Amino acid sequence: MCYVKCARYIGYSLVWAAVFCIVANALLYFPNGETKYATEDHLSRFVWYFAGIVGGGLLMLLPAFVFIGMDEEDCCGCCGYENYGKRCSMLSSVLAALIGIVGSAYCVIVASLGLAEGPKCSDAHGVWNYTFASTEGQYLLNSSMWSKCYEPKHIVEWHVTLFSILLAFAAVEFILCLIQVINGMLGGLCGYCCSRQQQYNC
């Protein structure tokens, strides 16, 4: 498989991962499908960092479309030398991949911190706070503690599920962008395969 085809497959994968990150982050604003918790500032502070919308989402679309668009570029013609156009394109894709690495890393960090701190919820006395902040993430392994959150209902499940989705997809994005850094450097330095004879398995 040519270097550019590998980049294209990575690009399509990043688009889907970005969509899932955006959707997961958006759902965090509406526990139980209600908007009042967002308007009353009763959401985890990490929800407002837009990690899935910006870091794992919109910022990830830039490298994704760069990788996908590489397949449509002219194979030859740069400075009068054949294949230089594609080689320059492959090397430039490394820069786009680095942007993706930054965005996905941001999403991974925020999602991890969000999981460690836990949701913001109301306790038995009606006080809103981070009930599990002092547990250092141990609440994730002890579901019997989740009953300490009275409102919103099932907020712990909601919080843990969506932040876990963000963490998982952002980690996948990070790995894919890292693969493209290697792929782009190989394609740029070792040469782009214009013919079917120069192929490798991605």
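Even glycines carry a Cβ here, placed using N, Cα and C.
DSSP assigns Asn129 (N-linked glycosylation site) to a strand in the three-state reduction. Swiss-Prot lists Asn129 (among others) with the feature N-linked glycosylation site.
Under the heading N-linked glycosylation site, Swiss-Prot lists Asn142 (among others), citing experimental evidence as support. Less than 8 angstroms from the CB of Asn142 (N-linked glycosylation site) sits no same-chain residue that is six or more residues away.
Taken from Swiss-Prot, the feature topological domain 'Cytoplasmic' applies to 1-9 (among others), supported by a curator's inference.
Per-residue confidence over the topological domain 'Extracellular' (31-49) averages out at a pLDDT of 94. The topological domain 'Extracellular' annotation in Swiss-Prot covers 31-49 (among others).
Residues or ranges marked as topological domain 'Cytoplasmic' in Swiss-Prot: 71-93 (among others).
Residues or ranges marked as topological domain 'Extracellular' in Swiss-Prot (evidence: a curator's inference): 115-161 (among others).
The topological domain 'Cytoplasmic' feature in Swiss-Prot is assigned to 183-202 (among others).
Residues 37-38, 43-44, 47, 50-53, 55-58, 60-61, 63-70, 100, 107, 158-159, 162-163, 165-166, 169-170, 172-173, 176-177, 179-180, 183 of the same chain lie 6+ residues outside the transmembrane segment (10-30) yet bring a C-beta within less than 8 angstroms of a C-beta in it. Summarising the annotation, Swiss-Prot assigns transmembrane segment to 10-30 (among others) and lists a curator's inference as the type of evidence.
Feature annotation from Swiss-Prot assigns transmembrane segment to 50-70 (among others); the stated evidence is a curator's inference. Through the fold, the transmembrane segment (50-70) approaches residues 4, 7-8, 10-12, 14-15, 17-19, 21-22, 24-26, 28, 89-90, 92-93, 96-97, 99-100, 102-107, 109-111, 114, 166, 169-170, 173, 177, 180 of its own chain, all at least 6 residues removed from its boundaries and within a Cβ separation under 8 Å.
Residues 14, 21, 44, 46-47, 49, 51-52, 54-56, 59-60, 62-64, 66-67, 159, 163-164, 166-167, 170-171, 173-174, 176-178, 180-181, 184-185, 188 of the same chain lie 6+ residues outside the transmembrane segment (94-114) yet bring a C-beta within less than 8 angstroms of a C-beta in it. Marked as transmembrane segment by Swiss-Prot on the basis of a curator's inference: 94-114 (among others).
The transmembrane segment feature in Swiss-Prot is assigned to 162-182 (among others).
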Q: May I ask you to report the DSSP-based helix, strand or coil state of Asn142 (N-linked glycosylation site)?
A: coil
Q.
For a three-state summary based on DSSP, what are the helix, strand and coil counts in the topological domain 'Extracellular' (31-49)?
A. 12 helix, 0 strand, 7 coil
